[in-house]
Amino acid sequence: MGDWSALGKLLDKVQAYSTAGGKVWLSVLFIFRILLLGTAVESAWGDEQSAFRCNTQQPGCENVCYDKSFPISHVRFWVLQIIFVSVPTLLYLAHVFYVMRKEEKLNKKEEELKVAQTDGVNVEMHLKQIEIKKFKYGIEEHGKVKMRGGLLRTYIISILFKSVFEVAFLLIQWYIYGFSLSAVYTCKRDPCPHQVDCFLSRPTEKTIFIIFMLVVSLVSLALNIIELFYVFFKGVKDRVKGRSDPYHATTGPLSPSKDCGSPKYAYFNGCSSPTAPLSPMSPPGYKLVTGDRNNSSCRNYNKQASEQNWANYSAEQNRMGQAGSTISNSHAQPFDFPDDSQNAKKVAAGHELQPLAIVDQRPSSRASSRASSRPRPDDLEI
């Protein structure tokens, strides 16, 4: 027969995108069909017409009797069977190549969007859409293609068509030949003058090969049915698993992420904290009574108290004249208070500081005590 290398290379690529049952089916196809057909079976049927003899001298009688007994050669019939049962697998391979081509386009587009993202362009929605498309096509990391969606449907359809072709060819073979060969065939057909007997060479050997190919066809059909049930139950299992842990819940393509890592501090001004009512370092049993954070008087108090605190601190440092004892900027901590209309303005320019986590229990200095005891015209009455 002809060269099977082209078909073999194509079918070999399917193994990377098939299930375990599909790989076994391909092994059976390669070893017990293509290899056996190209070596032993072809030599056994090589002289089928030349060794076909009839007990008549009438010209043309042997030809018409051979045509009646064997409308198509067994070898050519099995070649057609292999081609037909391989076509659905090749169509599935074409779908895999289509998905891989889609993957290349999506990866290229994703790289372009990431380059635009580095320039400050907001492309988060487009990147999420690309992730959804990859999931839809069954594309995973490192170029791996998972059987999902349209690819899974194509695979199931290919299994169904392979099974149908196997059954159809078995029925056709049984209708034309049966599953055994006789040593003598009786023929009565023009131009034969009368009923003649025709003799077949090596009928027992050919019958053994026919039975062997029949068993291989039945094994392939059984593998197709088993694989069909396996893919069906695996799809149901993945669907149930997907409902319990859906894709959008794990990736969240359109839902904004929540920032749960913000620090929580206590505010000792009678107003509520923007993040938490109590400091994580507060002693056990400690409770802080806070006011309503939406209260306008509370917000005004926050701003005025912050300005007054910094004014008192600057005046105290100026009176002391001790530049070496000035607290470094890394240890200074302003107060941060919520504002529903807009973010709180920075009080000290160039210093982005954090709110106090705990109350400083150190005693006040003597200069600070004298400075704080003097009344100032701009002091707040609290």
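Any Cβ shown, glycine's included, is placed from N, Cα and C.
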Identical membrane-side domain name, THR19 and LEU151, from Swiss-Prot: yes
Listed residues SER18, SER244, SER328, SER364, with the one flagged phosphoserine by Swiss-Prot: SER328
Per Swiss-Prot, the candidate from CYS61, CYS198, CYS271 carrying the annotation S-nitrosocysteine: CYS271
Swiss-Prot annotation, phosphoserine - which of SER297, SER341, SER372: SER341
DSSP helix/strand/coil residue counts for the topological domain 'Extracellular' (177-207): 5 helix, 8 strand, 18 coil
Residues in the topological domain 'Extracellular' (45-76) grouped by DSSP into helix, strand and remaining coil: 12 helix, 2 strand, 18 coil
Close approaches to the topological domain 'Extracellular' (45-76) from elsewhere in its chain (Cβ under 8 angstroms; 6 or more beyond its ends): 1, 37, 176-177, 185, 187, 189-194, 196-202, 206, 209-210
Same-chain residue ranges lying at least 6 outside the topological domain 'Extracellular' (177-207) that approach it to Cβ under 8 Å: 44-45, 47-48, 51-56, 58-62, 64-66, 68-70, 74, 214
